[in-house]
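Visitor: Copying in the features that TrEMBL gives for the protein in this structure:
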type	residues	note
DOMAIN	B:7-79	domain 'Glycine transporter'
DOMAIN	B:92-165	domain 'Glycine transporter'
TRANSMEM	B:6-23	transmembrane segment
TRANSMEM	B:30-51	transmembrane segment
TRANSMEM	B:57-79	transmembrane segment
TRANSMEM	B:91-112	transmembrane segment
TRANSMEM	B:118-137	transmembrane segment
TRANSMEM	B:149-167	transmembrane segment
TRANSMEM	B:173-192	transmembrane segment
């Protein structure tokens, strides 16, 4: 699938934009916004790779990821109003991003020889932990705890990918189907404000 | 000591329950509670192993830890009221847990060849950092900074273990004694609301 | 440069003091202050080394760093009022510290074979992430997001070091110049309350 590498770079770019814009209401200067965009974009994959002991980290081994982040942060600096008007587009991109990175995270974990249960968690971590770390740094309740079905959509997609994988589905179809399922769950949950029940 | 492995699994199970129940008052859904239970249970050991460069991480290399966590989270989902009524029992289990994991953390660090001063810190980290990370994520002042003598009890037990270790005490006795000392300090401090003096 | 090692220890000592004193107004006991001092002192270098997969971590491989931290924490316990009266001196030391650790972080990253863009980020991380982690733990907006030009001064110094490095400047001069530039930017920004523009 020749599209994978450019899609990873685009996903990183989008995560950097959404991270930088996320702190717009706060008392953050340009540097703080750039830092936050950076953390959002690298957080999930970095945590996954540190947990798996997989070195070098993706953004350290391949400099193009750093440039994708830089481009995202610059875009957020130069066109903030334009990007914020594109709120729906950004939401769409973010949702595409978490779907896609979930599956890639599962695949990377599997390729490093861990069990599928662990791979499912790593897929979810790849997708959502950048946002969790960002929210923790800026002193907000992490997105994971606030939003309509979010990380659980990633976990569901990760488990689906693993099931289809062990059933022998070809990888490209599986990547596509599982990503779409994450996206669909998230979008339906968002539109109808669905959330999981609370503990009480 | 054949009991060690089942005790580790039970300790992990208990930490997962207490982590999941800890967010009960918050605006967290079931998934958020499960995530928090997971982080609480793996946090300390993961930080220790990442700092020591010891791979695979315990819960990645041995899938039974993940199932112990899952069982703890499910127990918290299914029997929250029952478990909260057992508050005293849970407190006891949590206290047993921090005592036991402190000593195991010290032993693991020593076995990886670090100096005893570092091993003492690693023992304390193993026991308390899961709770610290949990509290940071849910935007609370970490337990470490709030409670009656807590992490300092672990540090004291870790140092005691090391002293007895270098004095040549047999390992099983040492494990028992040092764990009991952590537990005793914590329980006395809790009952009499003892805390260390403040800095001023 | 025979001064480097003692300077590193002194820098660690100073970071531990400033970390321990930073929580003085909070509800923290002596242990909490010591813990915070410890995290502040090791945080940046630890994150850098974990990201680069460089083991053992500095403070684990060389016990003198741990003793420098212990000395700093004890100094903060015994002479808090004296040290707080030295606020200007402490500010100076902290500023010297971030300048010096920025450059050392860049050098370590380069020596591990990463690209200069990554080395610049690692230099900045070394200097500022201890404070960021400390602030996150005690539930404050990290220093990075609050203060007059701070982390951006480190990033500027890191980039300067790399430019001079590739231009062939001798290492000792480069270390001196780049450190001074970080310090100068930070002090001018502090005195004139300069900050970068905000995103809006």
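Every residue, even glycine, has its Cβ placed from backbone N, Cα and C.
Note that the coordinates shown come from a computational prediction; the quantities given were computed from them, not determined experimentally.
Let's see these features in context: how buried, what's close, how far.
Guide: When averaged over the domain 'Glycine transporter' (B:92-165), pLDDT in the model lands at 90.
Long-range contacts of the transmembrane segment (B:118-137) within the same chain: residues 15, 19, 22, 36, 39-45, 47-48, 51-52, 97-99, 101-106, 108-110, 143-144, 150-151, 154-155, 157-159, 161-162, 182, each at least 6 residues beyond the stretch ends and with a Cβ under 8 Å from a Cβ of the stretch.
Listed by sequence, the residues of this chain that lie at least six past the ends of the transmembrane segment (B:173-192) yet keep a Cβ under 8 A from its Cβ atoms are 1, 91, 95-96, 98-100, 102-103, 107, 127, 148-150, 152-154, 156-158, 160-161, 164-165.
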Visitor: Looking at B:30-51, B:91-112, B:149-167, which one has the highest count of Cβ pairs under 8 angstroms to the transmembrane segment (B:6-23)?
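Guide: When the Cβ pairs under 8 Å are tallied, B:30-51 comes out ahead.
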Visitor: May I ask for the residues of the chain that lie six or more residues beyond the transmembrane segment (B:30-51) and have a Cβ under 8 Å from a Cβ within it?
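Guide: Here the qualifying positions are 12-13, 15-24, 57-59, 65, 68-69, 72-73, 76-77, 101, 105, 108-109, 122, 125-134, 137-138.
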Visitor: Per DSSP, how many helix, strand and coil residues does the domain 'Glycine transporter' (B:7-79) have?
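Guide: Going through the domain 'Glycine transporter' (B:7-79) residue by residue, I get 59 helix, 1 strand, 13 coil.
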